[in-house]
Amino acid sequence: MTSLLLNAKCLVVKVGSSLVTNNGAGLDKGAIAAWADQIARLVKSGRQVVLVSSGAVAEGMQRLGWKKRPVAINELQAAAAVGQMGLVQMYESCFASHGLHTAQILLTHADLADRKRYLNARTTLRTLLDLGVIPIINENDTVVTDEIRFGDNDTLGSLVANLIEADALVILTDQPGLYSADPRKHPDAQFIQYETAGNPALEKMAGGAGTLIGSGGMLTKILAAKRAARSGAHTVIASGREPDILVRLAQGEVVGTHLKAGQVKTLARKQWLADQLRVAGKVVVDEGAAKALREGGRSLLPIGVMAVEGSFERGEVVSCVNTAGEEIARGLVNYSALETARILRQPSHEIEHILGYIDGPELIHRDNLILV
């Protein structure tokens, strides 16, 4: 067996808070220098690397003299704003010693939800990689709200992997990888070395939140791997405490949990649709429509819609759920919530008569719809 990273040319590496801080008390320069050294070796071997690094909040807490991680979002935003300066400066200094340039990229969900901004971000990142620059990515904490935040850097890392169509996502944590149960509570827990990303059994086994310093538990990592697999990216979850972990993985050594992207790669536009973490509303579909969506790859017609939930406008992303509330698909809707409520259960030829205009016979065209 060899590492899934052996032939990977473009990597997204996510480094957790505990791996770049002194137990949450500010940044650990020695640790960051070591990460820069490993990534520099990968770049000089011909690979492209995007770094998603935690640590801004912890550094901000240190600079502000806060001992306890704040709960209020405005205080977290303030800590992140202060700490981001130190985080980027330290990475810049460490990479400069290897003759490499870095670039700071701060993203929000709104950047990736808007198709034009999404494509612009992809072009910029690809250009930076072609120039041999190391993009250092984080969430733009100072402007996000609780409703539109990524929530953790595992999620952000997977979205970036999809954005640039990376070959692999590496999630480095303070744990060796994924177990069948929490090994701290269950000594007989089995270590999972190889599995397919998206296997439902993994989500059932994954635990809750991690340390007090970070924000992501194993479940977020499993979901991140599932998301990254849509663009064909394999995921490795491994301990950042292992010496030269990135270099060893790139050389083919099997360390940590390897989650293979077993599914067929999703088309770029549909992948973007699937990556939308927030939906504007829901439409409840009947059994016939649910079957047509699942099995036939059909468009969603108004006649198959039973109810509308939420307030959405034309062109926004909505979730399609069955009568049991289970999400089947999501897509870009052709009509607003108010208009949808007027035409639901109606045949498509009645749309123009009811609304006074028609923007297509489908509520959601199959080209703008993806199964989930």
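Keep in mind that glycine also has a Cβ here, set from the backbone N, Cα and C atoms.
Here's what Swiss-Prot has on this protein:
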- LYS14, THR173, ASP174, SER215, GLY216, GLY217, MET218, LEU219, THR220, LYS221: ATP binding site (BINDING)
- SER54, ASP141, ASN153: substrate binding site (BINDING)
- 280-358: domain 'PUA' (DOMAIN)
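Across the range of the domain 'PUA' (280-358), the DSSP-based residue counts are 28 helix, 23 strand, 28 coil. When the neighbouring Cβ atoms lying within 10 Å are counted for each of the binding-site residues (ASP141, ASP174), the highest count belongs to ASP141. Local packing around the binding-site residues SER54, THR220 was summarised as the count of other Cβ atoms within 10 Å of each Cβ; on this measure the leading residue is SER54. DSSP assigns ASN153 (substrate binding site) to a helix in the three-state reduction. When secondary structure is read from DSSP and collapsed to three states, LYS14 (ATP binding site) falls in the strand class. In the shown protein chains, 26 other C-beta atoms lie within 10 A of the C-beta of ASN153 (substrate binding site). Cα distances from ASP141 (substrate binding site) to the binding-site residues ASP174, MET218, THR220 are smallest for THR220.
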